[in-house]
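Written below as structure tokens is the structure these notes are about.
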Amino acid sequence: MSQQRGACVGLAVVLFFLGLFSDVESCSCQPAHPQQLFCSAEIVIRAKISGEKIVSPSNSSSPYMKMIQYEIKMIKMFKGFHKAKDIQYVYTPVFSSLCGVKLDSNNKAGYLLSGSMWSDGRISIGQCDLVESWDNLSLSQKKNLNYRYQMGCECRINTCYSVPCASTGDHECLWTDWLLDNSLNGEQARQYACIRRSDSSCSWYRGGPPPEKDFQDSLTHEMRKKSLICFTFSLFLLRFVFVTGQAEL
């Protein structure tokens, strides 16, 4: 059984590195649940974009140092109260290959913006931050921004890429969107927050009556199904290799 599991893991690793090196010049971000991006950010706000212009450091003429300065109207701050009271501008690299993000400044569109603060007080945002159109967020995500994400910042979210995928302790939640839906914007990302419970353990929470048992039963069923598919595919590969080898002999 361990050989079949190893075959599945090996295939996943090969595919991962093929994708990694296919576009080495592009921005690369580690997959992260919205809660992880919230917790790692220094600033999280809701804002409307009212204007933009290209700026560059006074001591550099390199085009790669240029930044887009977005003028914003802050609507609400979710995180960073001790760092900034009012934010009028956010900055991002001009080039997407440097993780710059393009925001709609023509229609005064609303966004959820997260990022870090430079030593001079400016706010930097990028593709690896939590930057999303406000209208694209689910109702649960909007509610989680107020306090639930913050409640779970001491919890660890472990991303499942292949089966088996097991929890390593009581202080983590398994994120299975990629495994079950082949998407980073699945049910857990859009509807759930990983929060610390009264007994100090961590678990997924959606709001209202905790649907932990039903969700865990569904998760177990799906993971078993994925494991069976992977096992079957591994047997097919082994049979193919064996038949090919016999034909060559």
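Positions of Cβ are set from backbone N, Cα and C atoms, glycine also.
Database features (TrEMBL):
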- 1-26: signal peptide (SIGNAL)
- 27-153: domain 'NTR' (DOMAIN)
- Cys27-Cys99: disulfide bond (DISULFID)
- Cys27: Zn(2+) binding site (BINDING)
- Cys29-Cys128: disulfide bond (DISULFID)
- Cys39-Cys153: disulfide bond (DISULFID)
- Cys155-Cys202: disulfide bond (DISULFID)
- Cys160-Cys165: disulfide bond (DISULFID)
- Cys173-Cys194: disulfide bond (DISULFID)
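On the structure: features taken from TrEMBL.
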residue: Cys27; record: disulfide bond; contacts (Cβ under 8 Å, 6+ apart): Ser96, Ser97, Leu98, Cys99, Gly100, Gly126, Gln127, Cys128
residue: Cys39; record: disulfide bond; contacts (Cβ under 8 Å, 6+ apart): Tyr149, Gln150, Gly152, Cys153
residue: Cys155; record: disulfide bond; contacts (Cβ under 8 Å, 6+ apart): His171, Glu172, Cys173, Cys194, Ile195, Arg196, Cys202
residue: Cys160; record: disulfide bond; contacts (Cβ under 8 Å, 6+ apart): Leu174, Trp175, Thr176, Trp178, Leu179
Just checking, which of Cys29, Cys128, Cys153, Cys173, Cys202 (disulfide-bonded residues) has the fewest C-beta atoms within 10 Å of its C-beta?
Cys29
Using DSSP, tally how many residues of the domain 'NTR' (27-153) sit in helix, strand and coil.
29 helix, 43 strand, 55 coil
As a whole number of Å, the Cα atom of Cys165 (disulfide bond) is distant from the Cα atom of Cys29 (disulfide bond) by 22
If you average per-residue pLDDT over the domain 'NTR' (27-153), what number do you get?
92
Run through the Cβ atoms and count how many others sit within 10 Å of the one on Cys165 (disulfide bond).
17
Pick the one among the disulfide-bonded residues Cys99, Cys194 whose Cβ has the fewest other Cβ atoms within 10 Å in this structure.
Cys99
